[in-house]
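**Q** So Swiss-Prot lists the following for this protein:
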- Glu45, His54, Glu97: divalent metal cation binding site (BINDING)
- Gly171, Pro172, Pro173, Gly174, Cys175, Gly176, Lys177, Ser178: ATP binding site (BINDING)
- 8-107: domain 'CRESS-DNA virus Rep endonuclease' (DOMAIN)
- 4-15: motif 'Nuclear localization signal' (MOTIF)
- 15-18: motif 'RCR-1' (MOTIF)
- 93-96: motif 'RCR-3' (MOTIF)
Amino acid sequence: MPSKKSGPQPHKRWVFTLNNPSEEEKNKIRELPISLFDYFVCGEEGLEEGRTPHLQGFANFAKKQTFNKVKWYFGARCHIEKAKGTDQQNKEYCSKEGHILIECGAPRNQGKRSDLSTAVSTLLETGSLVTVAEQFPVTYVRNFRGLAELLKVSGKMQQRDWKTAVHVIVGPPGCGKSQWARNFAEPSDTYWKPSRNKWWDGYHGEEVVVLDDFYGWLPWDDLLRLCDRYPLTVETKGGTVPFLARSILITSNQAPQEWYSSTAVPAVEALYRRITTLQFWKTAGEQSTEVPEGRFEAVDPPCALFPYKINY
């Protein structure tokens, strides 16, 4: 019989203590994304001579977190336990000496519905309607249009300012391309783009976007913009949403050079240079080592399978 896992189960509310924190450890805690938390406070204590300086923190996470994940957030040297008491009591305990390293969000009242003002504060802090929807679902449903308009006029709306990674997976039908895409990230972080359709209904800023069974069914210039690094909005029925994907997964039965006619697009290299990785399905007979079944293998173009440079 398999042994049961030991250690604390995933939990939303944790407390931690870190003795003799370095500036690097303090900065790591300061720089944690505020969207991680419903409420977070960390105080500095023991600053007087003769006492041990330490950090005393309390976190009410937006989602349940494992013991190891909490350790990763706050540092391997931290002593961590599940929190007891209310958020307000933990706030008072962590701030009792008056030296606050960081505080974000607002203490939650267990059993009481979050009010609109707290949802608005979270929206303006994070610039994310998704975060508000996750943390304040009732308030979000009742005030969606107002919150969306506030975000637009506030100038706080998140915009892409990074290069979106583009991973292309090529192989015959039934070899597992779609399953590979499903395993890439959590379902809640993944959006599957409907094919042959300009609408992005249901997209809420997910960090992974899948173009499944792709063979050129997006307009050329739209695909280039998706795979770039600049701010972009995509259309939904009745509005637009910012495109915030950090990874695009393209599965296809065809290699990229077959997606569009070279005579119909101005410069195919514009797409190829945006591709980060390219993988092809290989059967055992095609591989240099004996493998019982086929598998995906990354290639390093230019090569026989794809005679063009990528990722430059």
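Cβ atoms are placed via backbone N, Cα and C, with glycine included.
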**Q** List, by number or range, the same-chain residues at least 6 past the motif 'RCR-1' (15-18) whose CB is under 8 A from its CB atoms?
**A** 25, 54-59, 70, 74-75, 77-83, 90
**Q** Of the binding-site residues Glu45, His54, Glu97, which sits closest to Lys177 (ATP binding site) by Cα distance?
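**A** Looking at Cα distances from Lys177 (ATP binding site), the smallest one goes to His54.
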**Q** Using DSSP, how many residues in the motif 'RCR-3' (93-96) fall into helix, strand and coil?
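**A** Helix (H, G, I), strand (E, B), coil: 2 helix, 0 strand, 2 coil.
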**Q** If we check Cα distances from Pro173 (ATP binding site), which of the binding-site residues Glu45, His54, Glu97 wins as closest?
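**A** Spatially nearest to Pro173 (ATP binding site) by Cα position is His54.
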**Q** Can you tell me which of the binding-site residues Gly171, Pro172, Gly174, Cys175, Gly176 is spatially closest to Glu45 (divalent metal cation binding site)? Compare CA atoms only.
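**A** It is Gly176, whose Cα lies nearest.
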**Q** Under a three-state reading of DSSP, tell me whether Glu45 (divalent metal cation binding site) is helix, strand or coil.
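**A** Reduced to three states, the DSSP call for Glu45 (divalent metal cation binding site) is strand.
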**Q** Roughly where does the motif 'RCR-3' (93-96) sit in mean pLDDT, to the nearest integer?
**A** 94
**Q** At a 10 Å cut-off from the C-beta of Ser178 (ATP binding site), count the other C-beta atoms across all protein chains.
**A** 16
**Q** Hey, for the divalent metal cation site built from Glu45, His54, Glu97, who else sits with CB inside 8 A of the CB center?
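**A** For the divalent metal cation site, the extra neighbours are Gly43, Glu44, Gly46, Leu47, Arg51, Pro53, Leu55, Gln56, His99.
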**Q** Could you tell me the C-alpha distance between Cys175 (ATP binding site) and His54 (divalent metal cation binding site) in angstrom, no decimals?
**A** 54
